[in-house]
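Pulled from TrEMBL, these are the features on record:
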- B:6-26: transmembrane segment (TRANSMEM)
- B:33-52: transmembrane segment (TRANSMEM)
- B:58-79: transmembrane segment (TRANSMEM)
- B:99-120: transmembrane segment (TRANSMEM)
- B:147-164: transmembrane segment (TRANSMEM)
- B:185-218: transmembrane segment (TRANSMEM)
- B:230-253: transmembrane segment (TRANSMEM)
- B:265-282: transmembrane segment (TRANSMEM)
Amino acid sequence: MRSLFSTRLFWLTVAVLVGAAVLPQFASGYVLGLLTVAYFTAVFAMSWDLLFGFAGEVNFGPTFLIGLGAYTAGILDQQFSPGLSIWICIIAGALAAVIGGVVLALPALRVSGPYFGLTTLVAVLMLQNFVVVFADLTGGEIGLSVPDVITIDQKANYWIALGFMVVSGAILFGLSRSSIGLILQASGQDKVQAGALGFNVAKHKLAAFIVSAFFSGLAGALMVFYMGTASVGTFIDVSVGVQVIIAAVLGGRRTVLGAAIGAVFLIGMGEILRPLGELATPIVSVVALAVVLFFPNGFLGMLRGEARS
Amino acid sequence: MLLWQILIDGFAVSALYALGATGFTLIFGVSGVLNLSHGAIMVAAAVAAWAASGDLHVGSYVATLIGVITSLVLSFATYFIAVRPIQHSRQIAESEKEIFILTATLLWGIIIQEAISYFFTNNAKTVLPIIEGVVTVLGVRTPANEYFTAAVCWIVIGLLWVLVNKTKAGKAVLAASMNPRGVTLLGFELSSIYLAVWAVYGVLAGIAGVLLGMFLGVSSYSVGPLTASAFSIVVLGGLGSVSGSLIAAYVVGYLETITAYLISPAYRTIPSLLLLLAVMYLRPQGLFGRR
């Protein structure tokens, strides 16, 4: 652990986070709102990175877990509004996502690569279909509006999102650097060999799914009570999942930290380019494609490459 | 009469799915690439044909040709921009190339999709059918275009079969899908085989796209579902198995049509997704796949 505290990257991270924490004193509500969403997206991307970067599972459906958390929390709150504390709703959302994670982990233990990728994609499409079919409960395509929010204070919301990102980032990062992370990485790269070394691959992968699902669901549930609404377009749609994946790959896979950088970059970039109208998305995609092609290790890889040379 | 209607509609939809999935599975079988920009290329072909007949006032056949050429060009662009650089990259570990190609083709598909919606808006577009009019068989009125679509799809699939199984170049492609190294040892240039496969893929996706534009219409929203349906048909049939994906295309096509007619169009895709999930759990290599 000592080596961690002496790296430049660690102190740089701390400096950035301190800067982020005092930002509400200077920045406008608009910027804060943007960053709040970016921080939640960062947790989505970091959770995804744990599954893909470490466990080697090609998960095209991060939004299956996010959506389960978001909609469970939202529906519970809408049905039992004054009687049920929103924190119970949020925890229920996280638990629902964990159950979803276990369901998703079952095929992952049997199939791999593109087969598993497709299973996750199908899971997302199924969830999307069910939201539309059970429109009475879920609000269907229009969306679900929840009666309660955590707080209407923009700064408080910002700090909650920031704190949540830092805590979950620290836990995920710590996990990835622990022996569990190493075993996951080993079983992701060579399942048979990792098993032959005496590690219980199935147990570790299941754990990775549960942790990833827990944080995805928790972030989804928190974000519902920040936004006050849940809709397919913001939580479940495949394009949301694609954005999470791009964020993680852009920042640098297998780093956890990079996923957060990628998410903030993506959301910020999308907003800066907004004046360009419809051209914004293709430009972001072109940049992302260029990074994937020329700097496959992402932003963090670029940073480290420079430090080395 | 409803039964007959389902049989005809299902047949046409399935033939279209089969044609779309054939190119997809061919690329996977030969070079191991899952091209996630598939839907975008199909839609681009249809939109090009639509724009050609609408803006340039050319006839249906010329418009179709323009659509197919567009798809061919985009197919090569996909290969040279999103696939080849990753296959040849030294920075990316061999085991991770698969996910990088998936991500890159996905991004490339998004770029194509956004370009289409920027230049041609998001509105649904229907390409003018080559054959117009209505045919009545056994008391069921069906657009003649539906029979035409099914016929063209099967003719093209038949031609592909002849190409792959009877010509020398086709046999080289088939051999490359079984053992790439063996083919190079026999003196075939693997890179030119890949080029040929991407060319065939471009033509197939183009024809399927234009036919889809004539039959059901396309918009930039159909990109995702098109890719997903080709992907799921191919996995259902077994990755790399062409006959498997043809059968799977019919299973999915009929399941969707039956659901749409007998239950509700809103539930159209649910049974086939459930089937896919069941296959994933019980028989992960697909219905006719080899491991």
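Glycine too: its Cβ is placed from the backbone N, Cα and C atoms.
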Long-range Cβ contacts under 8 Å made by the transmembrane segment (B:230-253), restricted to residues 6 or more beyond its ends, are 10-11, 13-18, 20-22, 24-26, 28-29, 34, 36, 38-39, 157, 177, 272-273, 275-276, 279-280, 285-290
Among B:6-26, B:33-52, B:58-79, B:99-120, B:185-218, the stretch with the most Cβ pairs under 8 Å to the transmembrane segment (B:147-164) is B:6-26
Per the Cβ filter (under 8 Å) with a sequence gap of at least 6 from its ends, the transmembrane segment (B:185-218) is approached by 12-13, 16, 19-20, 22-24, 26-27, 30-31, 35, 38, 41-47, 49-50, 63-64, 67-76, 78-79, 124-130, 145-146, 149, 152-153, 156, 160, 163, 169, 172-173, 175-176, 226
Given the transmembrane segment (B:99-120), its same-chain partners at Cβ distance under 8 Å and 6+ residues beyond its ends are 33-41, 43-44, 47, 50-51, 74, 77-78, 81-83, 86-87, 89, 92, 220, 223, 227
